[in-house]
Amino acid sequence: MNTYFIAGTDTDAGKTVAACAFVQYLVKQSQQVAVMKPVASGCHWQNGQLVNEDALNLMRQSNTSFDYDRVNPYTFEAAIAPHIAAADSGVVIDKERLLKAVDWFHERPIDSLVIEGAGGWQLPLASGLRMPQVVKEVNAKVVLVVGLKLGCLNHALLSLQSIKQEGCDVAGWIAVQTGPEPMPRQAENLASLRELLDEKELASIPYLPGWTEEDLSIYFHK
């Protein structure tokens, strides 16, 4: 089974739309694809259960079906940094629990597991625990989502440098236009990303207000 981790250059970089696009792309390759959002804040109550909209969107794009708790083990209502939300809730985000949650999918009949992170790459989860430590242990290939906004060149370069320093493999990167208006000189910035980044550009996704109903796989490069 292939395991992919969708990381962002920062918060609101477009991770969810990119992750859903990647899931659609893999499904079109005739793969059985499972999804995870291991840690999520900004959750809401639905039928007596805390759920996260990003996780629900991922589940809608997947062609496999698993219980919500398998997809999103840690849920927090407050829309704040997960380690702070966890502390407020009297919860400690546990590395072993996260590793076991991922390992559970390894025992299922699936071809790929797509894991969406939270926040940026170096997300703190608990005292002495950051998301990259989990990503490395589950041997996931990282897909970096670059939100096309001012500062994205620096953020992309720093994120990729950090991913490699953590000993993780990079599957490629996806550019996402994050708002209705393109960033200043967007075409030139995208060209600069292509020049500066050695890793493969997987897709470039425009701003799509109704993206949950779109075929996002068309934005992947052949």
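Every residue gets a Cβ built from N, Cα and C, even glycine.
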_Same Mg(2+) site per Swiss-Prot - residue from T9, T11, T16 joining D54, E116_ = T16
*Out of S41, D54, Q177, L208, give those binding-site residues positioned within 10 angstroms of T16 (Mg(2+) binding site), comparing C-alpha atoms, in sequence order.*
D54
*Going by C-alpha distance, which of the binding-site residues K15, D54, E116, Q177, L208 is nearest to K37 (active site)?*
E116
*What is the interatomic distance between the Cα atoms of K15 (ATP binding site) and S41 (substrate binding site), given in whole Å?*
14
_Cβ neighbours within the same chain of S41 (substrate binding site) - under 8 Å, at least six residues apart_ = F76, E77, A78, A79, I80, A81, P82, A85, A118
*Can you count the other CB atoms that lie within 10 A of the CB of Q177 (ATP binding site)?*
20
*Report the nearest neighbour of E116 (Mg(2+) binding site) in space among the binding-site residues D12, D54, Q177, L208, comparing Cα positions.*
D54
